[in-house]
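Novice: Please read through the structure below; I'll follow up with questions.
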Amino acid sequence: MLAVQRMRQNPLDKLFVRIQTHFTAKATGWQIRRGTEMAKKLIKPILDTRRGVLQKMAVGAGALAGASAMPGLMRYAQAQSSEPIKIGFQCHKTGIGAAYGRWYERTSDAAVARINDMGGINGRPVELVIEDDGTDPKRGAEVLEKFAKQSNCDVAFGTLFSHVVIGSAPTAGELKLPYFVVSEGHHVASGMLNRYTLQPGITDVRSQVIAMAPFVADNLGKKVTMIFPDFAFGHDHRDYFSAAIKEQGGEVIEMIAIPPTETSFTKYFPKIPRETEVIYHVMVGPAVLTFVKEMGEFFGSNKPEIFGFIDSLEAVDINSPGLEFLEGTYFWEGNPRYAQADQTSFDKNYREAVGVNDQGSSVTDSSDISTYAHMFGCWETLNVIKKGMESCDYKGPDDRPALIEAVEAMTDMPASDDHPQGTKEFNGKTHQAFGHQYISQVKDKKLNVVHTTPIEAGYYPDEVDYTKQPF
Amino acid sequence: MDFGPYLLLASLEGAVMAAVLALTAVGLSIVFGVMRVVNVAHGEFFMLGAVFAWWVASWAVGHPAIGFVLALVLAPILVGLIASAADMIVLKRVEYDPERTIVATIGLLYIIQQVTLMTFGPEARPVQPPFNQRLALPWFEFGENGFEIIWPWGLGTTSYKLFVIAAAIAILLAVWALMSRTKLGLYMRATQLDRQMAQAFGINVERVYVSVFGFGAGLAALGAVLIVPIQQAHYLMGGDPLLLSFIVVIIGGLGSLSGTVVAAVLIGMSDGVISMFFSPTLAKILSTLLVAFILIFRPQGLFGKRAA
């Protein structure tokens with residue numbers, strides 16, 4: 001029996017087992033006695049040898065065991081006042097939101113660097129703890145738990161996709177972890193979530209579409225066909241735009257819902273009725289370029305008016321082959337991708353800090369198009385967190401309720417380097433910010449802003465008063 | 001849209017899907033037929049094909065057609081080599097044991113997917129089609145003036161989509177010729193019929209296995225290169241083709257080439273038509289239901305031979 005087993009074991013297995021037993025036995029014994037500094041000295045020469053990955057793994061495990069054997073040592077070593085404020089960043093690094101995640105991360109890094117350059121928050125440096133949520137609600141909730149229990153973050157921040165926000169917010173409420181989202185969805189202001197969830201850096205879909213509807217009805221047409229992604233974010237568009245266009249004397253004659261993971265779209269377009277005057281499209285996911293391209297192929301030269309949310313084109317080059325038909329069509333933009341003639345100094349500074357050129361792409365790679373219409377929300381939210389922490393003199397997790405109260409007390413957020421997208425009004429009761437919306441037209445393969453809505457155009461009656469909920 | 005033009009458009013979309021699906025599923029079917037290996041990583045070889053196509057096309061200069069043709073040649077070869085290596089390094093070591101190969105190919109699936117994520121990244125990237133004219137299609141109706149030809153709104157396709165259908169047919173014919181007219185095909189069929197007997201007749205079964213595994217993966221990659229100018233390369237794109245290929249292979253009969261092609265056309269066309277008239281979800285529900293019925297009432301598949 002033994003002989004058979006020995007014969008089956010191949011050389012690689014043997015090597016692995018040998019390395020494992022050698023290092024786990026040796027490393028744990030030594031390091032627990034001598035502390036992490038010693039461990040680092042030990043690891044260094046070993047890492048430099050050729051045996052590589054397997055050894056790193058084994059030694060890493062040993063070092064971890066060593067470090068966790070001495071809890072508190074790191075903590076006391078540092079003066080309390082200089083300990084960084086940790087912001088857990090729930091990032092769509094992978095999954096259908098990956099393009100947004102990449103730019104949300106760059107923007108947040110730039111915002112944090114700026115805050116630290118200005119002296120941090122309450123004299124303490126700020127540190128982003130980044131975790132990938134895979135654009136998945138279940139993983140999102142786990143990530144929040146990790147922030148609260150494992151990495152000891154002060155607040156959580158960052159998410160865009162509405163299903164991840166909706167899936168994570170209950171966990172934030174249970175853990176009593178302030179959760180600042182940059183999501184656009186109406187779920188915050190609708191009262192669906194809880195007191196610990198706030199959206200101070202970006203406007204919500206309901207506000208966007210009611211500000212937008214008069215422009216569509218007055219300039220493009222009254223009979224609208226809507227194409228939207230089939231999840232919470234798309235449903236906000238469906239519900240609030242159809243109500244808003246009705247108020248303007250128009251109507252939605254067909255609604256086409258498409259799963260956000262879909263990769264081929266031609267099969268949905270024949271549902272567009274012939275009497276359609278305006279196509280209203282908003283799409284997300286990795287296949288948005290295919291979506292817009294196939295829409296162009298479907299219509300050919302004979303197309304209705306087209307009004308899209310820039311989501312359908314975020315991170316996509318408007319000069320891509322097949323998108324020529326977009327010339328003359330309109331887009332909502334949360335923040336204009338192309339630097340406009342009347343660009344503010346705030347927008348200029350913000351672009352420079354994040355590394356975005358006047359065409360809205362990365363300064364180092366012009367084919368890497370930003371998600372410019374959304375990512376400003378990260379920058380602004382981080383500045384709101386800073387301001388909130390400063391006004392409540394935030395010291396640590398015990399002050400979390402005070403932080404939320406401090407943000408709830410905010411109202412005016414004037415356009416500034418902290419708020420480069422423009423002036424905002426924050427509603428502390430609904431935890432939602434309101435701001436300007438931009439409508440751009442594609443002209444000479446560039447997006448030119450043709451209309452800016454006033455902030456009041458996006459107001460609607462409060463649906464919730466979170467300040468009445470207990471902490 | 002009226003029923004007639006709508007149906008025509010649905011059939012065209014279905015045909016493109018069926019074409020790519022046929023290539024992918026035939027790859028899976030050959031691997032199963034000859035090697036008796038259920039290759040769960042097949043969808044990832046499809047994805048790798050698309051990713052390599054993007055990679056090759058982005059290196060090539062000049063007209064997009066140059067990059068595309070290079071991709072059409074190089075991507076399947078590269079993927080085939082990777083698959084052959086996987087066969088030698090992994091599948092051979094587990095002695096092609098049915099259970100262990102399933103687990104091993106699941107492992108391959110994750111390795112390929114995550115390595116792609118780490119290198120290629122999470123974005124969807126487009127490949128330019130070599131040519132892409134929009135072709136408006138006419139339709140006829142009997143109106144007030146008698147027989148009339150009209151050009152309905154939205155009824156059209158692109159020259160590239162027609163090319164995908166034609167190319168898939170040509171490749172399938174070539175595969176058929178390879179299997180039935182060449183010595184390599186003879187070896188494959190002999191190994192499929194009886195592995196030990198083939199070995200007794202001096203066929204190097206190990207080498208046949210290596211080439212079959214690479215060939216099957218190469219076919220999936222070829223399907224992906226054809227579809228990538230329409231759909232874009234993305235690291236998660238292997239899931240759907242894998243599921244549909246399994247459905248097709250089960251319906252067509254495991255290891256039966258003609259059955260696989262017929263089932264691919266059936267599933268591809270019905271998916272196109274049903275998802276246009278009703279919903280894509282219903283199309284998936286129906287094809288999965290069909291699989292269930294086939295497994296109950298005709299476990300060997302439509303064209304499969306009952307196992308001895």
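Glycine residues also receive a Cβ, built from the backbone N, Cα and C atoms like all the rest.
I grabbed these lines from TrEMBL:
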{"type": "TRANSMEM", "residues": "B:6-33", "note": "transmembrane segment"}
{"type": "TRANSMEM", "residues": "B:45-62", "note": "transmembrane segment"}
{"type": "TRANSMEM", "residues": "B:68-90", "note": "transmembrane segment"}
{"type": "TRANSMEM", "residues": "B:102-121", "note": "transmembrane segment"}
{"type": "TRANSMEM", "residues": "B:160-179", "note": "transmembrane segment"}
{"type": "TRANSMEM", "residues": "B:208-230", "note": "transmembrane segment"}
{"type": "TRANSMEM", "residues": "B:242-267", "note": "transmembrane segment"}
{"type": "TRANSMEM", "residues": "B:274-297", "note": "transmembrane segment"}
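Situate these features within the shown structure.
Specialist: Long-range neighbours of the transmembrane segment (B:68-90) within the same chain, counting only residues 6 or more positions beyond its ends whose Cβ lies under 8 Å from a Cβ of the stretch, are 41, 45, 48-50, 52-54, 56-57, 60, 104, 107-108, 127-130, 209-211, 213-222, 224-226, 228-229.
If one looks beyond the transmembrane segment (B:102-121) by at least 6 residues along the same chain, the residues whose Cβ comes under 8 Å of a Cβ in the stretch are 37-45, 47-48, 51, 54-55, 86, 90-91, 94, 233, 235-236, 238.
Tertiary proximity for the transmembrane segment (B:208-230) is limited to same-chain residues at least six positions away from its ends with a CB under 8 Å from its CB atoms, namely 16, 19-24, 26-28, 30-31, 34-35, 37, 39, 42-43, 45-50, 52-54, 68, 71-72, 75-84, 86-88, 91-92, 96, 126-130, 132, 160-161, 164, 167-168, 171, 175, 184, 187-188, 191, 198, 237, 241, 245.
Within its own chain, the transmembrane segment (B:242-267) has Cβ neighbours under 8 Å at 18, 21-22, 24-30, 32-34, 40, 42-44, 46, 172, 175-176, 179, 192, 220, 287-288, 290-291, 294-295, 300-305, counting only residues six or more beyond its boundaries.
Using a Cβ-Cβ cut-off under 8 Å and counting only residues 6 or more beyond its ends in the same chain, the transmembrane segment (B:274-297) has close neighbours at 6, 9-10, 13, 244, 247, 250-251, 267.
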Novice: What parts of the chain pack near the transmembrane segment (B:160-179), using Cβ distances under 8 Å and only residues at least 6 beyond its ends?
Specialist: 12, 15-16, 19-20, 22-23, 26, 30, 129-132, 135, 185, 188-189, 219, 222-223, 226-227, 229-230, 257, 261
